[in-house]
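Read through the structure below, which is laid out as structure tokens, and then see the notes.
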Amino acid sequence: MASVKKDNRLTGSQSFMCVAFSGFFSKSVTSPLEVVKIKSQVGTFHSKRGFWQSFLLIYQSDGVRGFWKGNLASCLRLFPYTAVHLTTYKRIVHLHMDELGFISQWRAIFAGGLAGIAAALATYPLEVVETRLIAQNCRQPTYMGVVHTISKIYRSEGLLALYRGFSLTVLGAFPFSVGCYAVYMNLDKLWQDPPFRFTPLQNFISGCLAAGVSQTLSYPFETVKRKMQAQSARLPHFGGVDVHFSGMIDCFIQVVRNKGVLSLWNGLTANTIKIVPCFGLLFTCFEMCKQVCLYRNGYIVSPLSYKLTPGVDQSLGPYELEEVKRYLRNRNFGSGQASFGNRW
């Protein structure tokens, strides 16, 4: 859900690296909340006593490193996910643009949803790996790392096990997009201003609100998806899942019958609390990376300052600016040679 505003002063590779690095950093810092959320969704014994007690039980059973289980898989997933998402999103948006190059808010959100599905399909095995690593007990591990987990699932359960529950990603995209659309369509009423006049703080709060609403609406689909990813007859205690089921629909039925409807939102507290620091770190880290890139490209005087470089046209792209610099250097070099020749 988190997104950053595109800056044409960055190259494509710089934008990609800024997004990937900021995502890597924000995920790593908020990993303890993600672990608590996923354990609550799967239904392991750590989540039986509530949100706060979950931290203590995880520490007692897995130690400090238990709060970063699955984080490497989650971070490795960022790079291909970001690349596929950005590429697919640009292509879909281009197809839906009118003759003036504009696209409606709803079409943009729809494009984002389709791009998210495409990116999830390309990286889904790593999401399954993340869930398995988090759900297992560190002191009696079945899996020893990302590569070992993928290899063992493939050899013992087959290729389809690495995509178990993917249909829920597709189903969950609909309420997620509806939540985004509902929030963004009412932002002007909330702030009493049109979107193009929003301050960075207003954009940040708007993003958090949209993420909170959309994730809450699609949360039951993610809960069932996590249970399907974790359950396996070949794992101790069936992977730690609190209900046993034979498929997606049966999982919904068993959860509601045995745990109640509200259990479909188990872990929502951790997920909601995670939104603000995750978004805050994401945007802050992205801005810091962007400042370094803008300084290297020659648009600002220092990576620690927003002061623009005098005489530089900020509307030029990085390659265009480099061409201008090269032209000016050649011209100055040529005039220097001419004046040197005139002396003789």
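Using the three backbone atoms N, Cα and C, a Cβ is placed for every residue, glycine included.
Those TrEMBL annotations? Automatic predictions, nothing curated.
Under the heading repeat 'Solcar', TrEMBL lists 10-95 (among others). Counted with DSSP, the repeat 'Solcar' (10-95) comes out as 75 helix, 0 strand, 11 coil.
When pLDDT is averaged over the repeat 'Solcar' (103-190), the result is 89. The repeat 'Solcar' annotation in TrEMBL covers 103-190 (among others).
What TrEMBL records for 161-184 (among others) is transmembrane segment. Nonlocal intrachain contacts for the transmembrane segment (161-184), taken as residues 6+ away from its ends with a CB within less than 8 angstroms of a stretch CB, comprise 1, 105-106, 109-110, 112-114, 116-117, 120-121, 124-125, 128, 150, 153-154, 195, 206, 209-210, 213-218, 221-222, 224-229, 232, 248.
Positions annotated as repeat 'Solcar' by TrEMBL: 198-292 (among others).
According to TrEMBL, the transmembrane segment annotation covers 204-221 (among others).
Here the transmembrane segment (204-221) has Cβ contacts under 8 Å with residues 1-3, 168-169, 171-180, 182-184, 187, 190-191, 198, 252, 264-265, 268, 271-272, 275-276, 279-280, 283 of the same chain, all six or more residues outside its ends.
The DSSP breakdown of the repeat 'Solcar' (198-292), given as helix, strand and coil counts, is 78 helix, 0 strand, 17 coil.
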